[in-house]
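Reviewing the structure listed below.
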2 protein chains.
Amino acid sequence: MVTPRCIVVRHGQTEWSKNGNFTGVSDIPLTQYGISQVHATANALFEDPEAPTYLDPNHVTYIFTSPRSRATHTKDIFLEHIPEKHRSQIKVIVDDDLREWEYGDYEGKLTHEIIALRKSRGLDQEKPWNIWRDGCENGETTEQVGCRLSHVIARIQHIHSIHLNQNKPCDILVFAHGHTLRYFSSLWFMSMFSSGIVQNKLVSTNFKPQTNYVGFQNITKEEAERDVPFVALEKFYYLNDNPWFMLDAGGVAALSYSHNKISEPSLMLSGIFNPRATK
Amino acid sequence: MVTPRCIVVRHGQTEWSKNGNFTGVSDIPLTQYGISQVHATANALFEDPEAPTYLDPNHVTYIFTSPRSRATHTKDIFLEHIPEKHRSQIKVIVDDDLREWEYGDYEGKLTHEIIALRKSRGLDQEKPWNIWRDGCENGETTEQVGCRLSHVIARIQHIHSIHLNQNKPCDILVFAHGHTLRYFSSLWFMSMFSSGIVQNKLVSTNFKPQTNYVGFQNITKEEAERDVPFVALEKFYYLNDNPWFMLDAGGVAALSYSHNKISEPSLMLSGIFNPRATK
């Protein structure tokens, strides 16, 4: 029995990530350094695909990616490192729910510029700005980000559940961004806590289920909507504080399940780094 | 400026860890598989010490280890993979505060046996046993474990702080156990949360500071007590729930600081896995 994993990958460096500009909807490409960074990561992961140390390409079922080119380019570089016979088996879904936090008025700005802007508008007089609680003016609130990421998690756990029941390996790769992936990782396991920085909100019965897939590879739109359906939620989760995670550009983290139970989503502390004994 | 890191390593497989027996104070050795597991991990970490991908031996200042032989043996195997010129510079402290949770009546038992034992004693009628909240009969409470691990964290952050102020790299390795390392990692960053599974407790003014070092390598007892002093705490932290982490035998995780600030302890989601761009 192989426990399913969700392996999240932050895109490589861009000019804006290098300089600290908040990059939400803007479609900023990888730098040359960012490209080589992702090659180095993918190479370390798939160095010998016939005797994989960290990730067996044959166990990868689906890739979910943000539509932004810095994420899809990172995904393409990863796929280049996987032999064709495995690559053609991996279904890729471009999921708009994985886009970066919509920063609204703060798009392209540096942290100190955002702080100054908010101050000039009379905000943050009692405590400093915390995006994980306060969100962005004319951009997304933390409830909005939590809602769409809770739905992505539900879709992925649904696929994991089916594979686990059939006793089939199922590693799913997720390519996205600094804020959304730290957010996504927190919701994955901290929603198990009975109290704390993860809150839950009941979903209105008027809530209209929809999928937000905007691209496909090795799978048709119809197959995607059938095999990776929208999962209706009774409630969704969102953060009210910084989860205090670090995830550098090009970084890879791993989420899984304790005791092989889908009802016990957990964080793998060592990420993807689990070399196997060879002797 | 290189941000200090605390790299935690769970010992390799033992007969008891393989079978799921709770192993606290018992001194159970590594299996042959456990030994090769740790060699594989250390080899992946230090494959080319002159061009290190994950961990530069030259940046390792201190090692802290639990006194149990499964931890010190794991530490010895790691040191074997480091060239002598670096190895002799690394100060090793055997710290009794890093021992595994004292399981008391549950030592050596399997989870289902513990649950049955507690049931036979009339416990857990309202909710199931949760070691992170309920502790162990005739063993340690969660407050006791939290107290000693909070002190280890304070000692390590004190060393990090000094090195950061002097702009010197400082990676510290910690060799310990499944429960204590997941506990330690939670306290490291979740103590930043204003509410949740991490509680804090004020320390009595009668509290007697003491160090619990029981062994030394490349450092004398006097140097250790001078350079790695007991750090008095106004309060310590402890858990009241499962942090939902996974850390397999031989696993390696990484803790650090956001924005290079000792006041912002954070978890590195990718663990030690951060391959560098080579082009």
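Cβ coordinates are placed from backbone N, Cα and C, and glycine is handled just like the others.
Bear in mind that the values here come from a model prediction, so they are computed numbers and not experimental data.
The active site, tele-phosphohistidine intermediate annotation in TrEMBL covers B:H11. B:H11 (active site, tele-phosphohistidine intermediate) carries neither a helix nor a strand DSSP state and counts as coil.
Taking Cβ-Cβ distances under 8 Å and a sequence gap of 6 or more within the same chain, the neighbours of B:E100 (active site, proton donor/acceptor) are B:T23, B:G24, B:V25, B:S66, B:R68, B:A176, B:H177, B:G178, B:H179, B:T180. According to TrEMBL, the active site, proton donor/acceptor annotation covers B:E100.
Annotation note: B:Y103 (substrate binding site) sits in a coil segment as assigned by DSSP. The substrate binding site annotation in TrEMBL covers B:T23, B:G24, B:R70, B:E100, B:W101, B:E102, B:Y103.
Cα of B:H11 (active site, tele-phosphohistidine intermediate) to Cα of B:Y103 (substrate binding site): a span of 18 Å. For B:E102 (substrate binding site), the Cβ neighbour count at a 10 Å cut-off comes to 17, with all displayed protein chains included.
Taking Cβ-Cβ distances under 8 Å and a sequence gap of 6 or more within the same chain, the neighbours of B:W101 (substrate binding site) are B:G24, B:I131, B:C136, B:G139, B:E140, B:V145, B:H177, B:H179, B:T180, B:Y183.
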